[in-house]
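Heads up: the structure comes next, in structure tokens.
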Amino acid sequence: MVDNSKIRVVVGMSGGVDSSVSALLLKQQGYDVVGVFMKNWDDTDDSGVCTATEDYEDVKKVADKIGIPYYSINFEKEYWHRVFEYFLDEYKKGRTPNPDVMCNSQIKFKSFLEFAMDLDADYIAMGHYAKTITDANGVTHMMRPKDGNKDQTYFLSQLSQDQIKKVIFPLANLTKPQVREIALANGLVTAKKKDSTGICFIGERNFRKFLSEFLPAKSGKMVTPEGKVVGEHAGLMYYTIGQRQGLGLGSTKESTDPWFVVGKDLKKNELIVEQGYDSPLLYASRLKASDMSFFTGKPDHDFEMHCTAKFRYRQCDIGVTVKYHADDNTVDVYFDEPARAVTPGQALVLYNGEECIGGGNIDAAFQEDKQLQLV
């Protein structure tokens, strides 16, 4: 039996079942486990309930049950400056950001990791479904977990080698139903707690109302690609490429097909819409992404490779050819087949079989040489 008692693991506990079971498993494996609850947002919800207070109460109950010390740390300032300001800035540019990716790289695996090191941690852990392996050269690789349905490598795609070397993923070889079974069998109060959804740390609230508190909305025209006015939008920031719901447009004499957002004209403050799921303006042959991050380290030379990619969570992998440019740390990604609703601001994530290679931020989508969507 391996003696882990001198290895300290600081577990980020959210008050959910996944991080609760992570802490439990590490404790059962003999590690010196410390639980820490992160407060990153003043998260009174739309009904006036402060969900952080309830979550922290659950953390305390779980920590007491499994017999570990626990603390609370406030990262609201760091979250505001490193994640939320970026989030707002992307919306101002007409893009659709993914704050969860930034939250992981800047808060959970940076601010929290630094705090854990001050607690003399050897490793940190949370409730993510991901897996790492270390090769013979001591390089750590990010891998898909057992539960493909809960795979969170997409959201971890911009972590560095230094960050993932310090992480243990206790749920790597478990499915979500198994995690709930373990929680139930061990009497954890979080066993039947529903999964959190919504923006990282901000949670489930009326998104349009929430965003309008920070960015003034400016209504404008909804137009077809030919320039015909067909309606009015409530503010470009509220819409994303490929969106169908919430446009308030009906069928026309020419077609009963539903309408979709196919672009945004920022200068004219116009939302470009077209009927039909298969609108050619929704299909890209390639994209450009920047600020690339690779788990095994930043390459020092240009390269070309064929692999698979995702440009949104829960998307099936698609075949791509990647051309990396070392001088500005960008990639041009060519799709094997035209890809629908590639959205600037979202994360591009690259895979080679079961391994997650890394990712970056999508800047633009193209149909051959024509840039789509943002004009």
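One-based numbering along the chain as shown.
Glycine is no exception: its Cβ is also placed from the backbone N, Cα and C atoms.
Note that the structure is a prediction, hence the values are computed from the model and not measured.
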Candidates M38, M142, M143, the one Swiss-Prot lists with G12, M13, S14, G15, G16, V17, D18, S19, G127 as binding ATP:
M38
Could you round the CA separation between Q346 (site 'Interaction with tRNA') and M38 (ATP binding site) to a whole angstrom and send it over?
25
Candidates G12, G16: member of the binding-site residues with the richest Cβ shell (10 Å):
G12
Pop the Cα-Cα gap between G16 (ATP binding site) and C103 (active site, nucleophile) into the table, whole Å please.
17
Distance check, please: Cα of M38 (ATP binding site) against Cα of H128 (site 'Interaction with tRNA'), rounded to an integer number of angstrom.
15
Most Cβ neighbours within 10 Å: which of the recorded positions M38, C103 is it?
M38
Please list residues from the chain of S14 (ATP binding site) whose Cβ is under 8 angstroms from its Cβ, counting only those at least six apart in sequence.
F37, M38, D55, V59, M126, G127, S196
